[in-house]
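Notes follow the structure.
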Amino acid sequence: MNIQFILAMFVVVAAVMVAAGGLISLYKTDQATAFQGILDLSGRNTLEEGSVLLNGQWEFYWNQLLNPADFEPGHLSLVPAYIQVPRTWQGQRAKGVALSDQGFGTYRLVIRTPPENTGKPMGLYVRGVASAYKLWVNGQLLLEKGVVGTSRSDMRGEEYSRTVFFPLQGNRTELVMQVSNFIQRKGGLWEPISFGTADAISVERDRAIAFEAVLTGAFFVVAVYHFGLFLARRKERWALYFGALSFGIGVRVLTTGDTLLPRLLPEITWEFSVHLEYLSVCFAVTMLLSFARSQYPDETNSRLYRGFVALFAAYGLFVATTPAVVYTYTMVSFQLLVLAAIVYVVWIFTLAWRRKRPGSSLNMFATAAMLLFALNDVLYYNHMVGSGRLIQFGMLSYILIEAVSLARQFSSLFTKTERLATELQEINESLEEKVRERTRALRMANEELERANRDLTRMEAARRHLLSNISHELGTPLTMIRGYIKAVLDRIDETKNENFLQMTYDKTVLLERMIRDLLELSSLESGRVRFEFQQVKPLSFFRGLFEKYQFVIREGGAEFQWTFRGWGESGTDEISIDPMRMEQALANLLLNAKKYTPRDGRIEVIVRKALDGTTGDPALLVEVQDSGPGIAEGDLPFVFERFYRSGEARKTSPAGMGLGLGSTFTIALPLRAGLTKAGMTR
């Protein structure tokens with residue numbers, strides 16, 4: 001059992017207790033009551049008890065407006081009737097005649113008090129009297145509300161509570177009241193009159209007025225608050241309906257009970273005040289239905305809702321266009337319609353509770369409690385119970401419980417909003433991380449595409465370069481071959497045919513080697529050649545190369561030697577290289593050196609440890625030195641370009657093609673090696 005159920009049950013039990021208390025008060029026997037126009041309080045200390053209700057049998061003179069002088073000895077011989085107070089005229093009899101709520105008459109009551117209270121200030125608290133009256137106390141006219149008349153045309157109604165104060169004169173106090181009603185459904189003293197000390201009556205009046213003022217203020221504050229909520233969030237129409245409901249209830253409190261509205265605005269007529277009383281109920285119940293529908297639309301029957309709204313709108317129009325003497329006679333039917341609407345709202349909330357809608361349990365029990373209070377007021381206004389008006393208590397409890405329910409829903413929504421905000425922040429952070437990941441992936445893909453594009457560009461450039469070089473470099477050998485063959489065919493000198501054929505063969509060999517070298521160089525430049533790196537020991541690797549190439553180099557007559565610096569005989573250092581490509585690059589350098597070194601010259605290979613100039617890591621430095629003519633300073637920038645040959649090279653070695661150093665440079669790049677050039681003409 002949750003706290004909402006406990007709170008709601010507490011309100012329901014409190015409502016039942018209050019209603020039961022009102023029913024019990026109707027039959028209280030410990031309070032003195034008037035009998036045949038006399039209320040005997042002589043055996044009570046009235047000053048200590050505070051106040052008593054002047055209930056019981058009052059003298060009554062139907063269709064007579066009498067003054068206190070008319071009751072003095074020697075005047076008219078009057079035969080009184082006795083009727084019950086508080087109660088309307090309708091349903092009572094005077095001298096065998098059934099009374100009607102339309103008419104006039106005179107009430108009289110004699111109060112007997114202890115003689116020792118003589119001179120003490122006393123007071124009367126007069127509540128509901130329908131609809132105009134004059135009040136004499138001990139022969140003095142102390143209170144007059146409205147205009148008492150014998151017909152509708154010569155009377156004016158004014159009905160709200162008043163107090164009057166006077167000193168006790170002896171042990172006997174006489175009250176005489178003229179009352180008339182031709183303007184509404186009820187007539188006579190229909191609410192009790194309190195009699196007591198001046199202080200007790202003042203406190204009773206002030207308490208009643210203050211309580212109704214607090215109630216009215218509470219309802220209006222709730223209304224303004226919810227109107228503000230609606231203005232801040234126009235889609236929250238429930239706030240508009242709930243604020244309007246509170247406003248309607250506040251207006252009704254102003255026009256009932258001690259009737260604060262005429263006190264605040266004396267120029268307002270009684271007729272207008274009664275119109276507001278009825279219209280405020282129509283408006284409030286309509287807003288209650290609209291609020292229930294806005295909270296639980298799936299549980300609300302649209303036809304029933306529109307039917308109720310149409311009935312209340314029609315009744316409101318009826319009240320606004322007819323006088324009180326007409327529409328007040330429909331009060332019972334109106335009350336039944338209000339009860340039916342509240343029962344339907346209870347059903348909506350009950351259905352929502354069964355379907356486990358949020359806040360439905362508090363709504364259901366709060367409306368059920370209000371229904372009990374409304375039922376009490378229906379019985380009270382029809383003079384079936386004497387508990388007084390309690391609907392304002394029911395409405396206040398309903399408004400407060402609804403406020404708690406709405407506050408809980410707001411809190412739940414705020415909690416949900418905070419949770420969603422946290423989840424959204426987490427999602428945003430996750431999305432940011434995903435965006436970063438996708439950005440990195442896109443960047444890597446873009447880099448990969450750029451590399452592929454560069455490779456394609458390089459391959460395309462290599463292809464075009466190859467075709468250009470082939471067309472350029474093959475042109476001369478082909479021209480010479482064509483010339484030699486032409487000479488043989490033309491029999492220019494048949495004794496030289498063998499020489500022409502030998503030269504033709506030599507040129508084809510040259511062309512074959514040129515084509516092979518071009519294809520290899522193009523493959524290297526385009527990146528199509530795969531490099532297979534291995535961990536090798538440099539000392540044994542280069543010693544093997546020396547042994548392999550020493551005979552080829554020395555057959556040219558040059559001296560050939562290898563020098564290892566920084567490597568021990570049992571060196572365990574390893575390097576990562578592609579052995580085949582490393583050998584190919586070194587062979588190009590050695591063969592190039594052999595080509596330009598004289599027979600008595602020298603070629604030396606120096607292998608030593610060094611440090612990388614960029615990273616500072618251990619590195620391998622291989623130098624090839626020869627005693628040839630060297631490279632002119634003007635040729636140094638171009639020596640690694642394919643087909644480039646210096647002028648001296650073209651003179652001394654016409655068979656060269658200028659591809660060796662270019663091929664070596666291209667091999668060195670994937671080996672993560674650098675190739676430097678040095679040498680001047682000696």
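Placement of Cβ uses the backbone N, Cα and C atoms for every residue, glycine included.
Under the heading transmembrane segment, TrEMBL lists 209-231 (among others).
Within its own chain, the transmembrane segment (238-255) is flanked in space by residues 212, 215-216, 219-220, 222-227, 229-230, 261, 264, 273-274, 276-277, 280-281, 283-284, 287-288, 290-291, 294-295, 392, 395, 399, 402, 406, which lie at least six positions past its ends and keep a Cβ under 8 Å from the stretch. According to TrEMBL, the transmembrane segment annotation covers 238-255 (among others).
Under the heading transmembrane segment, TrEMBL lists 275-292 (among others).
According to TrEMBL, the transmembrane segment annotation covers 304-326 (among others). Outside the transmembrane segment (304-326) by six or more residues, the chain places 152, 182-185, 271, 274-275, 278-279, 282-283, 285-286, 289-290, 293, 334, 337, 340-341, 344 with a CB less than 8 A from a CB of the stretch.
Annotated transmembrane segment per TrEMBL: 332-353 (among others), in sequence order.
Per TrEMBL, the feature transmembrane segment maps to 365-384 (among others).
For 414-469, the entry in TrEMBL reads coiled coil.
As annotated by TrEMBL, domain 'Histidine kinase' applies to 469-682. The average per-residue pLDDT of the prediction over the domain 'Histidine kinase' (469-682) is 67, rounded to a whole number.
Beyond its flanks by at least six residues, the transmembrane segment (275-292) meets 238, 241-242, 244-245, 248-249, 251-252, 254-256, 261, 300, 305, 308-309, 312-313, 315-316, 319-320, 324, 327, 334, 338, 341-342, 344-345, 348-349, 363 of its own chain at Cβ-Cβ distances under 8 Å.
Long-range neighbours of the transmembrane segment (332-353) within the same chain, counting only residues 6 or more positions beyond its ends whose Cβ lies under 8 Å from a Cβ of the stretch, are 278, 281, 285, 288-289, 292-293, 295-296, 299-300, 304, 308, 311-312, 315, 360-361, 363-364, 367-368, 370-371, 374-375, 378, 381-382.
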